[in-house]
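Comments concern the structure below.
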Amino acid sequence: MDLLFDFFSLDFVYYPVSWIMWVWYKLFAAMLGPSNFFAWALSVMFLVFTLRALLYKPFVRQIRTTRQMQELQPQIKALQKKYGKDRQRMALEMQKLQREHGFNPILGCLPMLAQIPVFLGLYHVLRSFNRTTGGFGQPHLSVVQNRLTGNYVFTPTDVGHFLDANLFGAPIGAFMTQRTGLDAFTYFSRPAVIAVGLPVMILAGVATYFNSRASVARQSPEAAANPQTAMMNKLALYVFPLGVVVGGPFLPLAIILYWFANNIWTFGQQHYVFGMIEKEDEAKKQEAIQRRAANAPAPGAKPKRNLKAGAGNGVDADAAQPDAGATEGQAGGGSDAPSRTPRPGARPKKRKR
């Protein structure tokens, strides 16, 4: 393995990316063969899955932050209307609002920002399998020298297996419009590269569109009405998917597979996380309803008397004592004058004329 670490480069990105890809490659190569096209393709795809699994919690925070941002839209609009001309006061009020609700907009960007260096690192590692073309940051090697040179954690033998891997003559490290460095591959057929890359490229664009569509569909009406949000929605729905299709011919097949796998994972994870959050919100609503129902009085029940208030003023207790004495007098029959207080439930006596 070529482990010459350069602290003044992006090796801190290149080595982890190549190591994760190398682990998955060795696993699939043991089952499919070291020069198998699908062993290398699956290693790239599972590199994506590993990264996205590590970013699962930040992704959930991103979704919660996005939903919280939508809930705060009415208050943000009110601040914009009130302090629209005073940018400094507007910024202070926005920070105050974010602190009150525990809102951190940086968390919403973390998963996206974390994927950028990984994408650049993977692109560089894949380019480094074929160093016969030279270019920015790449040595210009001969075909023989290239096969005898390792690629970060990949050995020279692994480099040879990568250059040999192809599907119907389409090397996994080649791209449709490639004109140089073709001698490094054992087999190269441009029609085969187009035939393999075009369907994956279209699927990656379609997956990008459906991901964007799912995100836009879950936006609140207030957020969708925002002009900036509306513009970003149009870019996400139409420009980004089209960019994948247009840029596909200039990217290696492995990068197109990376983009396709990333969008497939995002689509599934997005639906799972949104469903989980909706269930949590529904459970909170049901808990609140049950709490209110438990505290509410039963239908037809009389309100409870405040015994403390009665004991404090002594009125009810004093008023109840004569009645109790009169009742006892009636029961004993020893009172001088019969009580005129009717017994509870007794019918009133008719007065004789």
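Each residue, glycine too, has its Cβ placed from N, Cα and C.
Feature annotation from Swiss-Prot assigns compositional bias 'Low complexity' to 291-301. What Swiss-Prot lists as region 'Disordered' is 285-353. Residues or ranges marked as transmembrane segment in Swiss-Prot (evidence: sequence analysis): 3-23, 28-48, 106-126, 191-211, 237-257.
Of the candidate ranges 28-48, 191-211, 237-257, 237-257 contributes the most Cβ pairs within a distance under 8 Å of the transmembrane segment (106-126).
Listed by sequence, the residues of this chain that lie at least six past the ends of the transmembrane segment (191-211) yet keep a Cβ under 8 A from its Cβ atoms are 166-171, 174-176, 178, 237, 240-242, 244-245, 248-249, 253, 256-257, 259-260, 263-264, 266-267, 270.
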